[in-house]
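> Take this structure, written in structure tokens, and hold onto it; I'll ask about it next.
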Amino acid sequence: MTDAIVVEGLVKRYAATTALDGVDLTVAEGSVLGLLGPNGAGKTTVVRILTTLLLADAGRAEVMGLDVVRDADAVRASIGLTGQYAAVDEYLTGFENLEMVGRLYHLPRAEARQRAGELLERFDLVDAAGRPAKTYSGGMRRRLDIAASLINRPRVLFLDEPTTGLDPRSRLAMWEFIAELSDGGTTILLTTQYLEEADRLADRMVVIDRGTVIARGTGDDLKAQVGGQRLEFTLARAVDLAEATRRLRPLAVDEPRSDEQSRRLSLPVRGGTEVLAEALRLLEGSGVEILDVGLRRPDLDDVFLTLTGHATEDAAAADADTTTTGREPAPTAGSAR
Amino acid sequence: MTSLAMSVSDSLTITRRNLIKVKRVPDLIVFATLSPIMFVLLFRYVFGSAIPVPGGLSYAEFLLPGIFAQTVIFGSTITGASLAEDLQKGLIDRFRSLPMARSAVLVGRTLADTLMNVLTIAVMMITGFVVGWRIHTSIGEAVLGVLLLLTFAYAMSWVMAFVGLLVRTPEVVNNASFIVIFPITFIANTFVPIDGFPSVLKTFAEWNPVSAVVQGARELFGNVVPGAPEPDGWALQNPVLYVFIWVAVFLAVFVPLSVRTYRRTAGR
């Protein structure tokens, strides 16, 4: 399979900071790449360079074999972009927004209108088609924005944090749209702060932190790197922890950890649900009373803790000042002020 | 599509988009036309009672071309403020990711603002007729007078486009441009004859392109006393030529500069 996106040694510096410090990545045609990282990691900067909005200081990037600097116009004609903020004209209706974008892709008027109609239907915006976008909810705006990026049937689509700020229902709907597009053969690069989102949508993931790639692979690769899954028990009585640990030790692939205060026992294990069944069998007749038991997979914070030795800055900040409310999100280096 | 046809088509698409906004937000039009009406009435009746115009010309006749010029020049701030707003809302990012002409967003913006100016001038002319202003020349000359105003305003729009892309905040565009536009429209022959100005201000006013726009418009509408002595200075003796030199310079500098800034500008 050929690569729809090739990025080599991308560097971008701003006055005081280095937003990208030599990023390499490839995206196979027809696949979905999840670009994962906390705020300020440089995700948006990568997207902006690939979509010709920003010039890199070093390195090169190609989309569908076209250089993003030399062949910028040809790149623009073959991509779609949905940025972090829904870039729709508030005063235009949904239909007018899509028609305008179609005309700017140089579709004949009739075709631009027809395409606008199709996309409004597909994104469930037919009822709102004649209303100015100002009256749309956040989820509707985001859908209109994605519809606009699909007008020209792009072969490569860039989605910059497509679900940030959406309510859970809109997020699920967005996931379905993205999965459908991918099934249709569109190559997608999506950025996200959520491992769950990348895991669900992406074939492969690239994790970046402070402008550098710190991990890459499939979701399972990443989780394996982090140490795979853990079996977690919460017991009714703290005194049972020792007995439970003694009985379960044969299953652990690494040192089990127990915590008296929360009455919790955590065992690194390998395998699927059969481990869970085996563990329950080992505890039979021991008198240990179990309140809760589960197999837990690592999330982005676990990935970060393992790979970088520090938590994501957001998690660290949340821990540090839990009393502060309404805290502004950390400014992103990637937002290219 | 050839690149020229593409530029024209893209610019018209953007012009249309900007005019739709005017239609959806009628307040824009209401205030864009109410404030010049207010200016005409205030100056005509408040200042007009105290400002003598040499040669026995009525103050209404003297004033209106000045108000036309001041209003369309102020209108150019809309160009800058709107572009700053588009930048803030991420729309410029969207446009820049499309395979459209690099100049179209700016050409479409300045064109839409010029069309708004046509409307504004029409409203002011009607108000002018009501308060005693008249055109004493041929229709052809009067049309040239309107074109002179529109052309200068168009050049100013490109200056403001550059400002808008640079400062990126609509409010700042408004405030920053007011501190420039107020002096250049007041240290001129806009509202009072300049003969009584202190000498430094008089020299500034003589070479101020706004004075030339106003002088040119007065001559083309026939709002001058026949046989009156020529104004001092080459600029005011050849106002139309002088205005077009400024227009050429503004466009030659600010069109490329604005397009270049647009190509490199980034949203939030």
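Every residue gets a Cβ built from N, Cα and C, even glycine.
If you look up TrEMBL, you'll see B:25-47, B:67-85, B:106-130, B:142-165, B:172-192, B:240-259 marked as transmembrane segment. What TrEMBL records for B:27-265 is domain 'ABC transmembrane type-2'.
A description of the local structural setting of each listed feature is requested, covering burial, neighbours and distances.
Taking Cβ pairs closer than 8 Å, the transmembrane segment (B:67-85) reaches residues 18, 32, 35-36, 39-40, 43, 92, 105-106, 109-110, 113, 116-117, 120-121, 124-125, 128, 149-150, 152-153, 156-165, 167-174, 177-178, 181, 184-185, 190, 210, 213-214, 217 in its own chain, all 6 or more past its ends.
Counting residues 6+ beyond its ends, the transmembrane segment (B:172-192) has Cβ neighbours under 8 Å at 43, 47, 51, 63, 66-67, 69-70, 73-74, 76-77, 80-81, 84, 160, 163-164, 201, 204-205, 208, 210-211, 214-215, 231, 236 in the same chain.
Note on the transmembrane segment (B:240-259): residues 102-103, 106, 148, 151-152, 154-156, 158-159, 161-162, 165, 209, 212-213, 216, 219-220, 234 of its chain, located 6 or more positions outside it, place their CB under 8 angstroms from a CB of the stretch.
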> State the residues, same chain only, that lie 6 or more residues beyond the ends of the transmembrane segment (B:106-130) and have a CB under 8 A from a CB inside it; answer 'none' if no residue qualifies.
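Non-local partners: 7, 10-19, 22, 29, 32-33, 36-37, 40-41, 60, 64, 67-68, 71-72, 75-76, 78-79, 82-83, 146, 149-150, 153-154, 157-158, 161, 255, 258-259, 262.
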